[in-house]
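J.: Dumping what TrEMBL says about this protein:
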ACT_SITE  ASP140  active site, 4-aspartylphosphate intermediate
BINDING   ASP140, THR142, ASP572, ASP576  Mg(2+) binding site
BINDING   ASP140, LYS141, THR142, GLU250, PHE298, LYS321, ARG355, THR435, GLY436, ASP437, ARG546, LYS552, ASN575, ASP576  ATP binding site
DOMAIN    598-801  domain 'P-type ATPase C-terminal'
TRANSMEM  21-44  transmembrane segment
TRANSMEM  67-91  transmembrane segment
TRANSMEM  629-650  transmembrane segment
TRANSMEM  662-682  transmembrane segment
TRANSMEM  709-730  transmembrane segment
TRANSMEM  745-764  transmembrane segment
TRANSMEM  776-798  transmembrane segment
Amino acid sequence: MMNSMNVPSKRSTLERKLDKLILTLFGTLFTMCLIGAIGSGVFIDRKYYFLGLSKSVEDQFNPNRRFLVVLLTMLTLLTLYSTIIPISLYVSIEMVKFIQSTQFINKDLNMYHAETDTPALARTSNLNEELGQVEYIFSDKTGTLTRNLMEFFKCTIGGEIYGTGMTEIERGVAERKGIKVQEVPTSINSVREKGFNFDDVRLMRGAWRNEPNPEACKEFFRCLAICHTVLPEGDESPEKIKYQAASPDEAALVLAAKHFGYFFYRRTPTMIYVRESHVERMGKIQDVSYEILNVLEFNSTRKRQSVVCRYPDGRLVLYCKGADTVIYERLVGGSDDLKKVTREHLEKFGSAGLRTLCLAYKDLAPDVYESWNEKFIQAKSSLRDRERKLDEVAELIEKDLILIGATAIEDKLQEGVPDCIETLSRAGIKIWVLTGDKMETAINIAYACNLLNNEMKQFIISSETDAIREVEERGDQVEIARFIKEEVKKQLKKCLDEAQQYFHGVSGPKLALIIDGKCLMYALDPSLRIMLLNLSLNCSSVVCCRVSPLQKAQVTSLVKKGARKITLSIGDGANDVSMIQAAHIGVGISGLEGMQAVMASDFAIAQFRFLKDLLLVHGRWSYIRLCKVVTYFFYKNLTFTLTQFWFTFYTGFSGQRFYDDWFQSLYNVIFTALPVIIVGLFDKDVSSSLSKRYPELYKEGIKNMFFKWRVVAIWAFFAVYQSLVFYYFVTVSSSTSQGSSGKMFGLWDVSTMAFTCVVVTVNLRLLMICNSITRWHYISVGGSIVAWFLFIFLYSGIMTPYDRQVSG
């Protein structure tokens, strides 16, 4: 709840700018009507005797009531010029967007993931064109850049590292340094299972009994087997059992306990049953039941999980596992060597790109536990602020812990992530990774997926400095907060000054910012926020480590509102929902962490690499197509209305129609409707493969090249110029013309010719702005022009006593 946000209503930037264009058209309409109305008030005079402006004339033409003349003419002209407002534009745009989403994005085989049978899904059609203007991408790491297939890989117990494998990240680091990587041979007894990729003969098959710290190993394995909320399914045998866990990490840890000889096989509301091997002597197996007294659940604020259990012999133990920063704050004094060695091991694991958790325990005295349990029950039964009270009670017992060791879990990168990030960077898109992992893990993952490289100048703002640790050890929270804020301010200022020097240089290196959650908390303070924004906007890549879901959303909002750039957030879990909702566009990965992210998103894809197609292909095409649809609509309506406006000057500003009512009604509905929809669906300047091969083309969308006011002004110029040509060419050429009966051409003859010019020209003009012309273009444009000629042939051929030409 602490990390939740209100669900926003999202509209695209193009739609908001379209609203301004419509308001501009309303202003133009009002100006045109005002000119006509004032002209009418000035023109009305009895000296024009041939107009028959006698004393009994109606109010709209009464020279004695000029103000009323102006007012009534204004209303008349409003209805006459109302065609300048493209009401059908919104219908056409919605139709185009809907088809783009359902037929093009949802059915694109390049974004179909065969392994999980998951196609791309556009959950809204409002933001199609926004995909073509994204400048900042905010990405989660686990399950988004990585596969979220957690495998127990290494561990440290009692100051000793176990596990012999080498991660993808370690290989990448070695290659960057030019070191030849030698494969470590796997042992004969190594066990491989989905979720367990650990190899070290010192721990397997009971060999841990011969280690210098067997008691620590015991506590380590029991912590893995007991401190969790996993549910076992199926047969109670190690080979057939399945574990249902809230996260893949937790399942991997329980699986590791099974392979180390502590097989968790049954759970009831109050008991956990573990089959323990090799504990008292090699080869002996015994079933042990542990009574679960309390579960202090994991959440994004606590960053830890604890279980209070009672052994069969009555021993009370609290087992705790969580992030190293959180566990270290709660350790008992002493054992400094173990803490120091374990911290070094954690940094080593982080450098290898592994996800780490610290394990600790504490023996509880029965009277201490009973006293605490009363407070816990009160907090649990509280109806107000229940979560806060439970956290406060947990703090009372989760202290003076004894460090056991730490686990290291590998989460491999998804296929195609490095190539996708490199391509998006070439397109001018800046990518930020917001993760809850350790700084070393995040940095190495960033290297592995081409987000960081050795050519970049890296600014690192971390709370893991000796000065900050020294202040934290004193325990004065007010002093800690003040000191860290001052340190963050100094670091930001120093980095910003350095960044400005590089930024103003001719060919300086690209910049990258790495900041951890504790420093970020103070950097997001209103007094430092602008400094953080200025620094981060100068960086090509930003990595935020150890951040909470709320901080992810705050960082996204900072760039969205502060930089006024189009942002996209992508994530796969419930902890990414706030970030997804905060950005202009939210993309959910339909992965292993449920569907919360997808349900909160605007678009859903199965793999991060599909962003390349979603943005560079569909986003860019949609943006260019919809810009053309909007500007063309503006042009064709303005052209049509202005011919009527020029005619007003030759009718004494009386409000006389130039066109027949049917012409005006069918202009947007039939004679110019279909071609513009075809352009909105099929127009493309380059193929999808070329869009991805030359991602620099995407920068046109970031700069909004196709929907600037300058572009609108050019289309307006063409509309004014062409409408003048249509009106004056037709009226002047028809001034001495005669029909077959010898009569001069009347108003309806001239206006029909002018309307023919308008329909033919605006349809052919549409073909001129197309980058690719298909048979659908020819059919729609040709069909619209033919439809006009068929209509006028039939309409002119049907003579009735009520026909204007006849009755006139």
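Yeah, the Cβs are placed from backbone N, Cα and C, and that goes for glycine too.
Please treat TrEMBL annotations as automatic predictions, because they have not gone through curation.
Any idea what these are sitting next to in the structure?
T.: Cβ neighbours of ASP140 (active site, 4-aspartylphosphate intermediate) (same chain, under 8 Å, six or more residues apart in sequence): VAL433, LEU434, THR435, LYS552, ILE570, GLY571, ASP572, GLY573, ASN575, ASP576, MET579.
Residue density at ASN575 (ATP binding site): 22 other Cβ atoms are found within 10 A of its Cβ, drawing on all protein chains shown.
For the transmembrane segment (67-91), same-chain residues at least 6 beyond its ends with a Cβ under 8 Å from one of its own Cβ atoms are 18, 22, 25-26, 28-29, 32-34, 36-38, 40-41, 44, 59-61, 629-630, 633-634, 637-638, 640-641, 644-645, 648, 653-655, 657, 664, 667-669, 673.
Same-chain residues lying 6+ beyond the ends of the transmembrane segment (629-650) with a Cβ under 8 Å from its Cβ atoms: 14, 18, 21, 25, 32, 36, 39, 77, 80-81, 83-86, 88-89, 92-93, 96, 656-659, 667-668, 672, 676-677, 679-680, 706-707, 711-712, 715-716, 718-720, 722-724, 726-728, 731, 751, 754, 758, 761-762, 765-766, 769.
Residues 21, 627, 631-632, 634-636, 638-640, 642-643, 645-647, 750, 753-754, 757-758, 761, 765 of the same chain, all 6+ positions outside the transmembrane segment (709-730), place their C-beta atoms under 8 angstroms from a C-beta of that stretch.
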J.: What are the non-local neighbours of ARG355 (ATP binding site), defined as same-chain residues 6+ apart in sequence with CB under 8 A from its CB?
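T.: Those within reach of ARG355 (ATP binding site), by Cβ under 8 Å and sequence separation of 6 or more, are THR142, MET150, ASP249, ALA408, ILE409, GLU410, ASP411, ASP437, THR441.
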J.: For a quick check of packing: other C-beta atoms within 10 Å of the C-beta of PHE298 (ATP binding site), how many?
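T.: Its Cβ has 20 other Cβ atoms within 10 Å.
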J.: Taking only same-chain residues 6+ apart in sequence, whose CB is under 8 Å from that of GLY436 (ATP binding site), what do you get?
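T.: Non-local contacts for GLY436 (ATP binding site): THR142, SER300, LYS303, ALA323, GLY517, CYS545, ARG546, VAL547, SER548, ASN575.
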J.: What number of additional C-beta atoms lies within 10 angstroms of the C-beta atom of ASP576 (Mg(2+) binding site)?
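T.: I get 31 for this one.
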